[in-house]
Structure formats: structure tokens, C-alpha cells
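Annotated DNA-binding region per Swiss-Prot: 84-159, in sequence order. As annotated by Swiss-Prot, zinc finger applies to 87-107, 123-142. Marked as domain 'NR LBD' by Swiss-Prot: 248-563.
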Amino acid sequence: MGMVSSQATPVEAYKVQQVQINDQTVEQLVRVQTSAGTTVTTIDAATAERLVKLREEDLIKFSAQGMSQAQMMAKPGMTSPRPIELCAVCGDKASGRHYGAISCEGCKGFFKRSIRKHLGYTCRGNKDCQIIKHNRNRCQYCRLQKCLDMGMKSDSVQCERSPLKTRDKTPGNCAASTDKIYIRKDIRSPLTATPTFVTGSVLAGGDMKSPQGNRQGLFDQGILLNVQTTPTSSPSASTSDSTTDLSTLASVVTSLANMNKKTEEGPSHSQQIYSPSQTLQIISNGDQDVQGGGDNVSKAFDALTKALNTSGDSEAGDLSIDQSANGGSSEVELVKLDSPMLSDHHMQFKLTTPSPMPQFLNVHYICESASRLLFLSMHWARSLPAFQVLSADTHTSMVQKCWSELFTLGLAQCAQAMALSTILTAIVNHLQTSLQQDKLSADRVKAVMEHIWKLQEFVTTTSKLDVDQTEFAYLKTIVLFSPDHPGLSNVRQIEKFQEMAISELHDYEAQTYPSKLNRFSKLLLRLPTLRLLSPAIMEELFFAGLIGNVQIDSIIPYILRMETADYNSAQITMSASPGSLIG
């Protein structure tokens, strides 16, 4: 600014003076009273006129308490220096309030990725790592924990801003098929919290209703479920003491589903062969790193590779009695077993659940537990002598028809270990909220609610009956050898095996529970309930987070061809060795 000297009549003039405001040096305009004969240094006349005009319009105001102590007083609408805000998570310079907390761009992006991709992390320390700017990437588990503790909300992660490729794959909805149940253990409260869903109004990004014929997902992605969970144990479940790899069997199921999809898409897709590591990378969508547990995953995929490479020739050596039946012969000699339908080792059904339960239990934990139960049920069925005398095609048909019934019996047997009641209660709460917010149609909610009620009623009844391991084994055998499913070959042989199982169960009840005369009939009367449960809804509740719209019965042939030794080895390795979550 040009400076001039003035010796005119007294006027109001201004000058620039540096003062301290909030520990910062700021240049301010100071009003100076002049008098005749006094020479002062002032700003140019044009600037002074503009300042006087602003003052007259009451836009600026100055006070002078002496030349050395002048201070500026601005109106509320005026811009004033702002203190620098720090990220509540790592202490870096904050860029604003994101998802409910003052945070930097780094923590904002980290939280968004973690919620959108449903990533789970593990802490290599004591879950109390210090999170600062320079080491915030060292422990993602503690960083995510601190994000939540500082007030970041997962339901604020907007679905409509998700990557374009994700939106293209799931038109009209954010969820591929089912809500990502993301369970959080509230470490601040010593009490068990009621399982509740945080509604996904922000996540939905539109109406969740879909036309009939499309399998509509039940929930939105990234929804948090507040649950204080304590480790549970059950006689029917074996729980490991170390953090197991939650990706192994779930990844196998996903890989089978993806492989089946590629086969259906055409030769150009199905002819491409992926190694186990490449397959895992495809499952992870190229952006989820597997930290540790590589040996466990490789062993599981080795078993998968053997199953996929098994040719029809390997099945020719099976003791099959179906070929003659399919050849048109109406008189087929039935096979008689020299031993009972079940032996002592068939009574054992030990499900190894992922343990310990992490503080942040995402959908992979639930799907992994369900995958293990599915594998265990199928390989248990394969071990039955009566099952082994049938052909491979009959194996596939039988299991495809009744996999949901076998799975439900397994859920009832391992309900405590899987915390089934907690999961179902949370889903019911969310369905009620979705109905109130018009996110799901009333018919859709009614169908799922009825399914859950039937499932819970079945589990509760078996619990009240105190069904033991042997009784569960015989009930599964009776369900497996059901001759009334359409499309089965050699129905007479299957019916014969079912009659043997019923007879052996009757003898067991008479010997073990002689005073409970109605126990045998009560057990058999529970089986019709299994036919009322929808396999499609069962897939959606427990598997859709893994395989989307692929049906379980499409991957059953691959699972049945897996070698039992490989499956058992993968299970043992996962139980004995610590692993990590996909994240």
C-alpha cells in the first residue's frame, strides 16, 4: 500500500500494526486520531474511504486503547483465524469431521475400506497398541478399534459412493445377497448387550425391494451388530485355543462356487486354471491381503484341487449297485450290511469353531462356521458304510436333496458353540427395523421371519428333549436315506437302509431310555419340521455372504469328491495353528 504524509485538518486514519492473537502474529488495521499540526503515516486516501464505508455499514469495527494495544473486533460473519484440529485417532492434521469423528484423510479412508469390504484384523500384541501418525499402519486391529471408540459410525459409510464396479454388479441395492453381519464386542461394558442391528438407512442408497424372481438380500453391507459375547463351549463342539484362520473352508466354498460360475459361463472361462494362491486372490477381489496362515490356506486348496481334478474313472472302483438298476432291471438284489448302520465313531460329531471370538466378528466368521458345519456334515455322511455302497451319482442326488435338513440338525447339535440364538435374535431385530423403514416388503420379512421361527422352534425342542449324540446321528441317517425325494435312483435300497436306521434307533431308545416310552416317537415327529425350512433362505442366512446367488447344491459334488484325509488335515491344521483374518 502506498503511504503518504498528511498535515491536513483532523481526520480518522488507519495504519497497519502487528499484534498477537492466539499465539499467531496477525496484521491489523488500527484507527489513528490526527490533530492539526500533527504528522502521521497513513494509508492512501482511496483505501481509507473504503474502510470508512465498511465501518458505516457496520461491517467492521475497531477499538483503540492506545497505539500499542489496539485490537480488532470483527462481526460473527467475518473470517477469523481457526485453530488447527488434530485427528482424534492418530493425531495427524484433521481434514474435518468424517463418519462422526474429527479425523484425517488417512484414517477416514482406512475406516471406509474396513467397513465396505468387511475386513477383519488381528492384533499381534495385547490389543492396546498406541496409534499415532507415524505407526498407525502397524496394527490395523487397534486402529479400527480406536476409530470406533472415537465415535466413527459404520452406518455413516455411504453406499452410493462405493466403487462403480460394485454398483454395476448389484443394481438397485448395495448388498450382493445378504446383510454383512458385523458383530462388535463392546469392551467398555462388562454386561452382555442385547444384540441389535444398526439400521442401514444411509447404506441402502435406495429401495431394497426387488421384483419377484430375484433373490433379494436381507441386509445391507457393513452393518454393525452390538453384542457382548463370551466364548461358549459344548460337548458337540471342539474349540481351539488359538486364533484360527477364518478364511480356509470359507474360501474353499467360495472357490467352488466361483469355479461353478465360470463353468456355466462357457469354455473360455472354464478352461482357465488357477493355482491355489491365484484362486485365493480372486476370492479376495484383488484388494484383501492375507496376513499369515498361508500354509493353512494352501492345504485347503490342495484338497480343493484334488477334488476338481478327480475324474470319472476314479469312481468306477466304487462298490456301486445303481448301475444295474439304471440299466432297466426291475429286480435288483438288495445289499445287506454285515454291520449296523452306525458304529461308535459315527456318534462323534465335533465341530471346530473359529476361536477365540474376535472383538470384531464380521460375516466371514459366521460363514466360516457354517462352512465347517456343512463340510463336516457331508463328510460324516460319506463315512457311513451304507452310503459307500451306493454310486457317486446317487451320493450327489441324496445330499443335494437333504443338505438343508442335515445342516439344520447340525445347527441344533452345535447351537451353543455357534451362538446360534444370538445370530437369529439379531436378524429378527433387523428385519423388524427394515419393515418399519419400508426397506423390505412385508411378504419378504414374513417369509424370513417364519423360517427363523421354525428353525428356532426346532432347535429349542431338540434342546428340551436333550437329544444325545447317538440320537442326532440316527436322525441324520434317517434324513439322509429318505426314499421319497424325486429323482433318486435305486429307491428300494435307500428305503431299506432307512428302515434299518429307524429300527436301530428304536432299539437304542428301548435300551437307553426304558422309562421314556414316548421318546422314540417324539424324535421321529421332529423330522417333518425340517421339510418346512427353505433351503434358499438357509443359504441366504448362512452362506450368501460367501457365494452370492450360487446354490449350495451346485457345489456339493465337489465337496463329496474331496478326500477325507485332506479335509481332516485342513481342519486339524486350522485348529492347531494361529492364523489371521482376511483383511
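Please read every residue number as a count from 1 along the shown chain.
Any Cβ shown, glycine's included, is placed from N, Cα and C.
For the zinc finger (123-142), the DSSP-based tally of helix, strand and coil residues reads 3 helix, 0 strand, 17 coil. Secondary structure of the DNA-binding region (84-159) per DSSP (helix as H, G, I; strand as E, B; remaining residues coil): 26 helix, 8 strand, 42 coil. Per-residue pLDDT, averaged along the zinc finger (87-107), amounts to 91 for this model.
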